[in-house]
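**Q** In case it helps, Swiss-Prot gives these features for our protein:
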| type | residues | note |
| --- | --- | --- |
| TOPO_DOM | 1-77 | topological domain 'Cytoplasmic' |
| REGION | 26-68 | region 'Disordered' |
| COMPBIAS | 33-42 | compositional bias 'Low complexity' |
| COMPBIAS | 43-68 | compositional bias 'Pro residues' |
| TRANSMEM | 78-99 | transmembrane segment |
| TOPO_DOM | 100-278 | topological domain 'Extracellular' |
| CARBOHYD | 116 | N-linked glycosylation site |
| COMPBIAS | 125-135 | compositional bias 'Polar residues' |
| REGION | 125-147 | region 'Disordered' |
| DOMAIN | 142-278 | domain 'THD' |
| DISULFID | 199-230 | disulfide bond |
| CARBOHYD | 247 | N-linked glycosylation site |
| CARBOHYD | 257 | N-linked glycosylation site |
């Protein structure tokens, strides 16, 4: 069915959900309200859309009810034994720690006292086992170092035993020789420095010998002989050194002998004689 389109506004029909009444009952057609005169062919603008419905507020949990004073008191009474037990455990731990510390200090003091007593006993036992007399502890070591003496004019050589670097202890110096006062092992040494303005064919001899009433003659301990030690017509110098260990007895006399007395340089750093007990 064709309807005229020349109407001031579109007609609005009420539509029922019933299948038997597709159209609204008579009188249910809404007419456009008059809004003043309009010209022919003009249409009325559509009505504005309805405002959006406000969103419901977000759901929030209901507030908790306040605790009653009776429940608070019950909670406090429940925690008091726990707190008391924790404090009691801490105090017991501190007491045990202090007891252990005191016990360890006591054991350490006893150990120190025992160690000191053992050391004193050990030292006393050593003194009993190895008694030493004051003479033995204060006894000087046997040693001697004699230097060249320019006043020496005879054989065996004379030595300086007092001045300069000379020293003597535990032995005696007598007429150019060292006299042994205590038997034992000794290191004996001697050095002689020869020099000359011209060369000759005579050999240089340097020896250390010993005298004792047990032997009929001199006993040579060390000796050196040197040949071809210089060149004819030239100044020359030669150093002779002897040293060895010997088992000497009481009253042994040690001497030094050389071949040419006039060729010796008697400086204390170049010509000397000595020994020391091992």
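Glycine too: its Cβ is placed from the backbone N, Cα and C atoms.
On this model, are these features tucked inside or out on the surface, and what's nearby?
**A** Long-range contacts of the transmembrane segment (78-99) within its own chain (CB-CB distance under 8 A, at least 6 residues past either end) are absent; none are counted.
Neighbour density for residue 116 (N-linked glycosylation site): within 10 A of its CB lie 10 other CB atoms from the protein chains shown. In the three-state DSSP scheme, residue 116 (N-linked glycosylation site) falls into the helix class.
Around residue 199 (disulfide bond), the same-chain residues six or more apart in sequence whose CB sits under 8 Å from its CB are 230, 231, 232, 233, 234, 236, listed in sequence order. When secondary structure is read from DSSP and collapsed to three states, residue 199 (disulfide bond) falls in the coil class.
Cβ neighbours of residue 247 (N-linked glycosylation site) (same chain, under 8 Å, six or more residues apart in sequence): 183, 184, 185, 186.
Sequence-distant contacts of residue 257 (N-linked glycosylation site), defined as residues of its own chain at least six apart whose C-beta falls under 8 angstroms from its C-beta, comprise 155, 156, 157, 205, 206, 207, 209. According to DSSP, residue 257 (N-linked glycosylation site) is assigned to a strand segment.
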